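To start, the structure under review is shown below, and the notes come after it.
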Amino acid sequence: MGARPLTLLRALLLPLLAGAQAAIVFIKEPSSQDALQGRRALLRCEVEAPDPVHVYWLLNGVPVQDTERRFAQGSSLSFAAVDRLQDSGAFQCVARDNVTGEEVRSTNASFNIKWIEAGPVVLKHPASEAEIQPQTQVTLRCHIDGHPRPTYQWFRDGTPLSDDQSTHTVSSRERNLTLRPASPEHSGLYSCCAHNAFGQACSSQNFTLSVADESFARVVLAPQDVVVARNEEAMFHCQFSAQPPPSLQWVFEDETPITNRSRPPHLRRAVVFANGSLLLTQVRPRNAGVYRCIGQGQRGPPIVLEATLHLAEIEDMLPFEPRVFIAGDEERVTCPAPQGLPTPSVWWEHAGVPLPAHGRVHQKGLELVFVTIAESDTGVYTCHASNLAGQRRQDVNITVATVPTWLRKPQDSQLEEGKPGYLHCLTQATPKPTVIWYRNQMLISEDSRFEVSKNGTLRINSVEVYDGTLYRCVSSTPAGSIEAQARVQVLEKLKFTPPPQPQQCMEFDKEATVPCSATGREKPTVKWVRADGSSLPEWVTDNAGTLHFARVTRDDAGNYTCIASNEPQGQIRAHVQLTVAVFITFKVEPERTTVYQGHTALLRCEAQGDPKPLIQWKGKDRILDPTKLGPRMHIFQNGSLVIHDVAPEDSGSYTCIAGNSCNIRHTEAPLLVVDKPVMEDSEGPGSPPPYKMIQTIGLSVGAAVAYIIAVLGLMFYCKKRCKAKRLQKQPEGEEPEMECLNGGPLQNGQPSAEIQEEVALTSLGSGPPATNKRHSAGDRMHFPRASLQPITTLGKSEFGEVFLAKAQGVEEGATETLVLVKSLQSRDEQQQLDFRREVEMFGKLNHANVVRLLGLCREAEPHYMVLEYVDLGDLKQFLRISKNKDEKLKSQPLSTKQKVALCSQVALGMEHLSNNRFVHKDLAARNCLISAQRQVKVSALGLSKDVYNSEYYHFRQAWVPLRWMSPEAVLEGDFSTKSDVWAFGVLMWEVFTHGEMPHGGQADDEVLADLQAGKARLPQPEGCPSKLYRLMQRCWAPNPKDRPSFSEIASTLGDSPADSKQ
């Protein structure tokens, strides 16, 4: 290849290689901006790089040192108070790669600093006051300066000068006032004020112009502003001259004249002297204000001079944060001087001695300066501020940090499995070092397995086999860090892996195996023996710990022992009881059934097995409890389910679950409730011929008669059988229960007419019409207000009052029922819509873990929503009581298994709610109810006005549960099932902390800021398994799409073992 192609190739590759090495990228560069003198400002700089980078700032090419006023905040530069002199110039953000040394600089950024500064009014022309004569030109200059250039306004004796250019001209550019020609009428006190984008300032010293005219009053001595302490005296001096002598009068703000004969009530101690001076003794706050001295000559206008009396005051000083510095650096601490009048004087002291103006440690202005800080400078320094009103002081604790030194390094260790293990990391330094531990280069966070003590020792509460690895401890202070590592070898204990289940089942007449394995420091020998010491039958073999039954017999049942042993650790035993069982099979399985509305449905289910199986039904996503089914449903002893007076909402999938101590099986079938078709009286043109109709009727009747005969035969047989059983089992005088024989119910030994009719409906045959006994939903929900007897008020919600009441006849079979009543007392349209939304939600939901809507009172205002209530009240109070230290109030402590069960029930209720396309919006422990049987129901008490007011935050004209809300719900008003999932994660955290307030150490505004920044996370509760905390964290995923569904949550909680630590 020639030289020219090589040159071209090199020219193409070099930019690519250079681009590949430029790993540092500015995500946000500083930009020039406006700033106000003495106000806060921030130059932002954000860097992205694969390696650690060091970010610092330059001002006009010189590195910027941190001070109290100007300091680095992360990678940005923060200004507590912008200074137009010290902060003028070009700032640059510089990022240096600590690994490669690469350095990247941002573009220049500067401040356009806006300011205004007061100054005096001075005579510019003529050269001196003595040269001022009538008819001469007089020019005054206002020495107020600022940026941008201010606009000026001139005053004579406190009155703004008009724009009349015949007597004077104003030059804003030169800041001049020119009087041409000057006359006695121009005499007076001249002042100026100016304003710009920063603010306004007035002249600090005014000019008294006196143009000679003996009859005009001229100022000889003008009063000055006075600042005095409370109860001290104040003196104003004021003199005029004229021929004849002028009059002089003092007035206060309310224009009331002050004389020695007549004084205002609040100036009883005022004295006016013959020379015109005004004395105020024992000054009170009410005496502060503007005093005017008015001089009037024989001719000319009156001259009004003003002076203000201020009471001295001084504010409290802001406290210091403790400061930690590194030896050898230059450090500065600025004293936050308090506001005061007059301006307080500030000085620093150390050990009661004021600091000098020069030296290694000295005071410069408000700053405490350490030219080169040393370890001996550690101590308490005091900033003092003082004026006429008193003195203030604040201490700052300064610590000079040192690099840690070793007291005891971690050592390679052998730790026994299952016992506590310790690794020591003992160091000393100033301040006390911070110690962190790493396991396999991964940071160890404290949880139920690991603890780091205050002296740096790592405790492994229960050593596991996989804890055998490399550990590293790092001890650090701001001055630096040291580290050391140690390897842990775990001495494994002799144990079964896994322990055999103490009770196991084998299927009769089938092949079966029972495994048993163990591990230890040396591989153990594993064998099986019968518990009674007898030898194993010849058809049973023991193959290295696996018990093999070629064909299980009844005699194989019994107690067996697995023995594992090795030489150094001895032996361990596990006892197993083997049961020989006939696994469950279904004799009769439920079939797809179609039933007319208002009729009776029969779902047959029979199972067999040994031990005899028990049958349960599951319908509409909940287990049907035989004791709580109500009059419409009944489960017979043989397992069949009958539903009377069926309604469309009974449609759905029904599951028959058969189980015994050895196995469980289930089968399901759908139930469809349809409207009964209307039969036409007259034949249409398409009607079948008469003989076809007769043939159809004959076949139908014949089939029905045959079926009835078969059913009656079975009923007669089963009736005798059941009567015999009842005679054997039932106590004397007990009423026989309704039973079901192969799906046919009996009442007092007679077949039910409803069941006979149901048979025809199931097969969609024609039968006699039946009256639908169900009322419309609106009629069914109406409940008379007179049947409610209020008991006690629970609190107030956004809608209105929430109270407990006794409701008469609200539930079938109960005379009185304890209910929760929510009233709608608000006129707000949105709250009325929300009230109707809750009514619709609880009216449509039907789940064991969601409260039921029992009735509505709408015949008068306020409207009432009558909801189901349970005996122990809301879950929040229950959790708090379970943690209460008062033994009289404390309930049984909650185990991890019970906490998981509580969360699982809420998840099941929310799964049902979300499957029906509803969003709760306020899911929390306070809005769930719990019974004495620990059954939890999702509700919506919403006691935001009083009881739980602290758990709500007023945001955008509404009270919201801020600490339970997802970022998109708070900031965008986007409520969804995924925002309910976020709230469920917080509810789980409440359960495991026994009802603590989420983010309890933060104010509402801080929680809102964390939500906006995406940092709102709750810590892992004490004793909470890591697996469950990871589930909480998934619920708090920033992206709603990354959060689990309630179905997944319910499944995860259902699979969680009570003692899970992973």
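Just so you know, glycine gets a Cβ as well, placed from its N, Cα and C.
Note that the structure is a prediction, hence the values are computed from the model and not measured.
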From the set Ser183, Ser1056, which residue is assigned the annotation phosphoserine by Swiss-Prot?
Ser1056
Identify which of Cys505, Cys516 is listed by Swiss-Prot as the disulfide partner of Cys562.
Cys516
Need the cross-check against Swiss-Prot: the disulphide partner of Cys383, picked from Cys293, Cys335.
Cys335
Could you check which of 751-774, 1039-1062 is flagged in Swiss-Prot as region 'Disordered'?
1039-1062
Swiss-Prot annotation of region 'Disordered' - which of the ranges 245-267, 728-750 it falls on:
728-750
List the helix, strand and coil residue totals of the domain 'Ig-like C2-type 2' (120-210) as derived from DSSP.
6 helix, 43 strand, 42 coil
Where does the mean pLDDT land for the domain 'Ig-like C2-type 3' (217-309)?
89
Measure from the Cα of Cys425 (disulfide bond) to the Cα of every one of the recorded positions Asn98, Asn559, Cys562, Cys605, then give the nearest.
Asn98
Of the recorded positions listed here (Asn260, Cys335, Cys562, Asn638, Cys656), which is spatially closest to Asn108 (N-linked glycosylation site) when Cα positions are compared?
Cys335
Return only the integer: C-alpha distance in Å from Cys93 (disulfide bond) to Cys335 (disulfide bond).
28
Number of Cβ atoms other than its own within 10 Å, given for Cys45 (disulfide bond):
24
Most Cβ neighbours inside 10 Å, all chains, among the glycosylation sites Asn98, Asn260, Asn638:
Asn638
Helix, strand, coil residue numbers for the domain 'Ig-like C2-type 3' (217-309) per DSSP?
6 helix, 42 strand, 45 coil
Taking the Cβ of each of the glycosylation sites and counting other Cβ atoms inside 10 Å, which one has the highest number: Asn108, Asn206, Asn275, Asn397, Asn559?
Asn206
For Asn559 (N-linked glycosylation site) and Cys192 (disulfide bond), determine the Cα separation and express it in whole Å.
108
Cβ distance under 8 Å to Cys293 (disulfide bond), same chain, sequence separation 6 or more: which residues?
Ala222, Pro223, Phe236, Cys238, Leu248, Gln249, Trp250, Gly276, Leu278, Val304, Leu305, Glu306, Ala307
Taking the Cα of Cys192 (disulfide bond) as the centre, which of the recorded positions listed as Asn206, Cys383, Asn397, Cys562, Asn638 lie within 10 Å of it?
Asn206
